[in-house]
């Protein structure tokens with residue numbers, strides 16, 4: 001069972017919607033470069049990076065211009081070895097897109113792997129499979145719109161095949177797949193903004209042919225998505241950092257610029273406040289670092305150099321931290337495992353579930369898969385999360401004044417607003 005969606009980390013990054021000439025306010029100032037050591041050190045923790053999941057780390061290192069040849073070589077080899085062992089059908093479209101971005105970044109020799117294994121062509125086929133599934137299953141993709149946006153962005157950057165009509169049809173900002181936890185998903189919207197921006201540029205540059213109405217439609221989608229992101233009070237997850245380039249090019253009033261500059265300053269302060277927790281995860285550090293150095297995924301195909309100021313790093317231990325749980329959406333089916341008087345984290349809770357399963361697999365049976373963000377429950381008591389039905393299992397925790405804390409897992413459904 002494939003992961004139905006990437007669980008967001010709520011509210012850990014703000015970004016600024018300001019014109020291009022003032023974009024540097026979104027970026028960490030040179031005097032604060034020393035604070036990036038924690039993020040870079042987190043990405044050096046190879047024990048937490050397995051196989052293809054190293055693509056995020058490799059991409060981040062290259063976009064940020066971090067000079068660590070031995071780490072790049074190790075990550076590249078791990079990814080290639082993992083892919084050679086895998087059946088391509090076991091890769092989601094988004095995973096393949098991320099691998100292409102990582103290998104294609106900064107025009108390194110790894111680009112040969114993309115060509116030799118026809119990865120862009122295979123991504124095009126996977127994108128078609130996503131569209132086909134949407135046509136059959138009430139507009140639900142095999143994965144999610146976050147990955148679908150990565151697909152379009154990657155196909156656009158690497159001149160792959162995709163249909164403009166599919167883009168204009170399925171990337172309407174009012175599509176239900178842009179919603180998560182009862183709200184518009186700014187993470188997904190931000191990736192879509194970059195994907196649509198790349199497509200718009202390709203049309204303007206004559207790289208792909210499209211009708212004027214299609215170009216106008218895409219521009220309206222971009223503007224609508226940006227408006228929706230602004231309406232969510234600028235609170236976004238780690239992934240949203242890649243929308244910075246497009247959003248920084250918007251024409252806004254002086255009053256708005258001043259307000260956004262203030263928000264940008266809070267961005268870095270808030271980042272440092274949370275750095276002792278979630279940013280110690282390699283995947284989290286990888287997603288935020290390039291933006292803090294002024295880079296985005298739209299820079300992937302450029303030949304990038306090292307930052308103006310070298311970021312010296314120190315080796316320090318990076319402990320494993322549990323994944324944060326998303327907000328409750330709507331509960332379809334609930335399994336209550338136990339009642340306890342003290343608070344325990346999700347890792348301990350899963351250990352309890354494993355022990356219970358050994359005692360009675362009928363009542364407490366469950367399956368899970370490991371991801372860079374932590375364990376992901378795929379089924380409980382034979383009831384599976386289902387992409388086509390937009391359902392997934394999540395950890396729940398409730399406590400009443402007169403009762404001990406109750407912990408469990410529930411099958412929830414992603415809903416449109």
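Positions of Cβ are set from backbone N, Cα and C atoms, glycine also.
For the ranges 5-23, 309-327, the feature annotated in Swiss-Prot as region 'Flexible linker' maps to 309-327.
Candidate recorded positions: 166, 179, 287, 360, 377. Nearest to residue 198 (disulfide bond) by Cα distance: 166. Recorded residues residue 166 (N-linked glycosylation site) and residue 287 (cyanocob(III)alamin binding site) have their alpha carbons 28 Å apart, per Cα-Cα distance. Taking the Cβ of residue 198 (disulfide bond) as centre and 10 Å as the limit, one finds 21 other Cβ atoms among all the protein chains shown. Within the same chain, no residue at least 6 positions away from residue 360 (N-linked glycosylation site) has a Cβ under 8 Å from its Cβ.
The number of other CB atoms found within 10 A of the CB of residue 161 (N-linked glycosylation site), across every protein chain shown, is 13. Nearest neighbour of residue 156 (disulfide bond) by Cα distance, taken over the binding-site residues 143, 145, 394: 145.
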